[in-house]
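Taken from TrEMBL, the feature domain 'Glycine transporter' covers A:5-78, A:91-163. Look at TrEMBL and you will find A:6-22, A:29-46, A:58-78, A:90-110, A:116-136, A:148-166, A:172-191 tagged as transmembrane segment.
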Amino acid sequence: MFYFIIDILGTIAFAISGVLVAMDKRLDVFGVLIIAFVTAVGGGTLRDLLIGIKPVGWLNAPMHLMIIVVTVLLAIIFVKQLKYVRKSLFLFDTIGIGLYTMVGIEKGLAADLSPVMCIALGTITACFGGVIRDILCNEIPVIFRKEIYATVCILGGLVYFLLIQFPIENTIAYSMAIVTIIIMRVLAVQFKISLPNIYREIT
Amino acid sequence: MFYFIIDILGTIAFAISGVLVAMDKRLDVFGVLIIAFVTAVGGGTLRDLLIGIKPVGWLNAPMHLMIIVVTVLLAIIFVKQLKYVRKSLFLFDTIGIGLYTMVGIEKGLAADLSPVMCIALGTITACFGGVIRDILCNEIPVIFRKEIYATVCILGGLVYFLLIQFPIENTIAYSMAIVTIIIMRVLAVQFKISLPNIYREIT
Amino acid sequence: MFYFIIDILGTIAFAISGVLVAMDKRLDVFGVLIIAFVTAVGGGTLRDLLIGIKPVGWLNAPMHLMIIVVTVLLAIIFVKQLKYVRKSLFLFDTIGIGLYTMVGIEKGLAADLSPVMCIALGTITACFGGVIRDILCNEIPVIFRKEIYATVCILGGLVYFLLIQFPIENTIAYSMAIVTIIIMRVLAVQFKISLPNIYREIT
């Protein structure tokens, strides 16, 4: 029940981030809807394709589709008010990437993959909806440039696999990994920490 | 037999739309061929991947590959004459999206998916070849910006699922949905109907 | 053992080509790593998805991931020295596309696909890592514009299917196809051979 609520809040936050990028590009209503949808479910879809889960998750999740459609309509109508909920959106988004990272790791474990690959799948689940969003909007994905987003997911995954080495309940390791991701991301944004950019000096 | 001919005409129209976009971008012969191919089969490929049909359709459809190669060569040779067949191409394209929408819906039903998801898959089948074409050519997909293309597919899908509620033969509902899509698209283009663009006014 | 070494050298060369493109775009360390990874494994991943091999290859190839991570770190540190190994990189890259073309053809044959589709899959294996790299970096894929890259893979595939018509050992046909690809690519670059660009003159 708790995870269910987090999933919905995360979906809403991801969809709204899609709406904002799509509006910047002056897309029409259908374009905005697709971008919001892809942002929210793209990461999980890519994960399912890579593992070979069929059909991909959203084809059996009508509720997610409905939530995204309603979110998009509300976001379009109340676009001027969105700035007043910016902090809540950041929080939902952050909780969302925490949860989605762990969902991806779980699916990787269920497919008998190694911890390293599970962490990769968790990161893909949490981050690649945004990557597909940016590609569809003809931008270099923002997480390749500045947002310290994926790094936080990878660290959260490491925390999880560290914790389950100890005699600890799985639910607790799971929750602590999510909390780690949330705290690290809030701190990174608070203190404007980002990965070093690398300039090519070769000629 | 009838559907077979529509399929070929649609494939030709889609391939030529790929050729035109690729030429605008000054690609070489190989690039033009790939863009034409992706425009023609990309939507069905994405649908097969999402449902989990393996291998994806075109790997067992050598005839489609052949038709596309011949179309591309002819389109390159007779590029100056293409403008004289513009209306026929528009017609083939429109008949094509009608058919492909229904093919996608059928595959969704065969995979036991809900009507809403079947309509989504039909729309993907008909429209996402063009989306992949635009992404490969470094453009924001045109159907996200102005062409009222996907909306017509969605409406056609709704008509189909409405009709099969009644004691009507499946072939008739199928054909009427295709006809609906064709008529709506012709009307939309005729009267320059498009979805409202949404400008982001948040700061 | 021999193929194993070629595979590693090819992976390194592909990863470094990703690093260079990503640096040109001023991505951060995570972005550079992802682009390098996608360049190296993207072609094989797309092939596995299209055929329906699950999970996709790299999820069970931790060694490749490790090689790529080490390559990226070394390439970033020694970026100024990269120009001194440019010729070796070109060679590794060329040997790589030769091998990967044949790997793709083999996987196609194992999935009972026709020669034409096997050649398509071989070309995708060798070339589409670079395509995905360019799309993620917001560029029109270079192989659609100038590099005579894919054509060489297609010709190599044809040589293979021609040779196995004769009473010849499979390993020999396999190796000769790879050698053909390498020689043709070296000659093409040496003599600056490229496919004709096609300009759209229709209005």
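For all residues, glycine too, the Cβ spot is worked out from N, Cα and C.
TrEMBL does not curate its annotations; it predicts them automatically.
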Stretch contact, the transmembrane segment (A:90-110) with the transmembrane segment (A:116-136), Cβ-Cβ under 8 Å, 3+ pairs: yes
DSSP-assigned states of the domain 'Glycine transporter' (A:91-163) in counts, ordered helix, strand, coil: 59 helix, 0 strand, 14 coil
Long-range Cβ neighbours of the transmembrane segment (A:172-191) (under 8 Å; 6 or more residues past either end): 90, 94-95, 97-99, 101-102, 148-149, 152-153, 155-157, 159-160, 163-164
Distal contacts, the transmembrane segment (A:29-46) - CB-CB under 8 A, six or more residues away: 11, 14-19, 21-23, 56-58, 61, 64-65, 68-69, 71-72, 75-76, 100, 103-104, 124-133, 136-137
Non-local residues, at least 6 beyond the ends, that sit with Cβ under 8 Å of the transmembrane segment (A:58-78): 8, 11-12, 15-16, 19-20, 29, 32-33, 36-37, 40-41, 44-45
Residue distribution over DSSP helix, strand and coil in the domain 'Glycine transporter' (A:5-78): 63 helix, 1 strand, 10 coil
